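In what follows, a single structure is set out as structure tokens and then discussed.
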């Protein structure tokens, strides 16, 4: 990171942090600045795992032509090719549920291990898939796509949860968006590799497998999430990991002790609120769990049924339906590139404006673009001087979607749940989101055939407008708030001006100063 980047991080922390309440608070701000780079690096490393999943999402786009080309020695039937393309969507919800179990059971770091390992297996199977027998090839591809589907579902939560738990509140919004950014990087990478190696998808799989091995190795040095360690009552290791996260080397530092105590108190309060009931179902009855769960599931519903994933998965065919004049595969690359660039932009916008304003702008932009595409479908512009309009509308849709409805559900999913149930609730939300994804991806071709592409675009536009209403009335603002503050919000309690961890730290530091 350059000196300029470091200065921007420090300026952001200084600008967005509460005004200093005491000399002790000023010292804490300085300590947070020193830890900023450490937290950024840790979040980036954790999210490198997600790139492989992004590659898995986009892989059918580059392999379908060769797999269904009758001039090659081994091909798939049309029915088999459809299963090859769709089986991943079926498995993603189960990966989301498994993610919740693994996050709570084995921790954030080991869950990242698991994602990388099964991704390596999937890419290896496809790399060495049969070149002589169509039936064997189909079985191998289906097994590999089932595995990568589970990995995609798994990867939607762990890295963002890890980033949310290690990051300072003023960095958290930017870092939790890394999952969306790395997914976009993965999709753009697979589109690019497919363009370069058009007739050798097996070699592309080898490249992806090698990259995933590197990703696995980078996770090894990461410390475990202190929040998870505290929830498992592994306090000595939690203290060691927290010192790494906060870039503090001193033993028995008051800030470390205060933050550990705050985490322990928060988890104890959550456990005591269960009244002796430990089942996940009982935990879901608590307002700090069921309220964010309902909000996030609704947010994911609007994400899927406004057409975002339809465009991502059916990029080439959707471009044809929308009347895009350029090569449909080049259009897909533009979609991937737009998503990457906009995700980077979104990381700064969410820190500057929060979550709600970009989401409102996103819904308005998506609706406008869809209604525009509907007009172009009703009054075709191909072959005229206005043939560029559908291309602009398609790119603009991905741009505005990425600013809100595409990225925010995944990033906020890591923020809104209590520590004790964060893994399970996040996994349950991802399960719902990917189930909605499977439904819309399966029915989209039938919708176009039955009601016409113009009416489909109008439907997506109307749902985008309803999404704006949902965001305005129900989506909470999480910018600059600690995870404890967010939890208290859903409990109906008011948050203090100074975050709980910092308040406890100041009190303990002042007590230590008085003793000295």
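Using N, Cα and C of the backbone, Cβ positions are placed for all residues, glycine too.
Please treat TrEMBL annotations as automatic predictions, because they have not gone through curation.
Positions annotated as domain 'Major facilitator superfamily (MFS) profile' by TrEMBL: 42-479. Here TrEMBL flags 1-24 as region 'Disordered'. Taken from TrEMBL, the feature transmembrane segment covers 40-63, 83-103, 112-130, 142-163, 175-195, 201-222, 293-317, 329-348, 360-381, 387-411, 423-444, 456-475.
Spatially, the transmembrane segment (423-444) is adjacent to the transmembrane segment (83-103); three or more Cβ-Cβ distances between them are under 8 Å for residues at least 6 apart in sequence.
If one looks beyond the transmembrane segment (360-381) by at least 6 residues along the same chain, the residues whose Cβ comes under 8 Å of a Cβ in the stretch are 302, 306-308, 321-323, 387, 389-390, 393-394, 396-397, 399-406, 408, 452-455, 457-458, 460-462, 464-465, 467-468, 471-472. Across 83-103, 112-130, 175-195, the stretch most heavily in contact with the transmembrane segment (142-163), judged by Cβ pairs under 8 Å, is 83-103. Residues belonging to the domain 'Major facilitator superfamily (MFS) profile' (42-479) score a mean pLDDT of 82 in the model. Here the transmembrane segment (387-411) has long-range neighbours at 156, 160, 173, 176-177, 179-180, 184, 296, 299-300, 302-303, 306-308, 311, 318-319, 322-326, 331, 334-335, 338-339, 342-343, 345-346, 349-350, 355, 358-366, 368-370, 372-373, 376, 381, 433, 464, 467, 471, meaning same-chain residues at least 6 beyond its ends whose C-beta is under 8 angstroms from one of its own.
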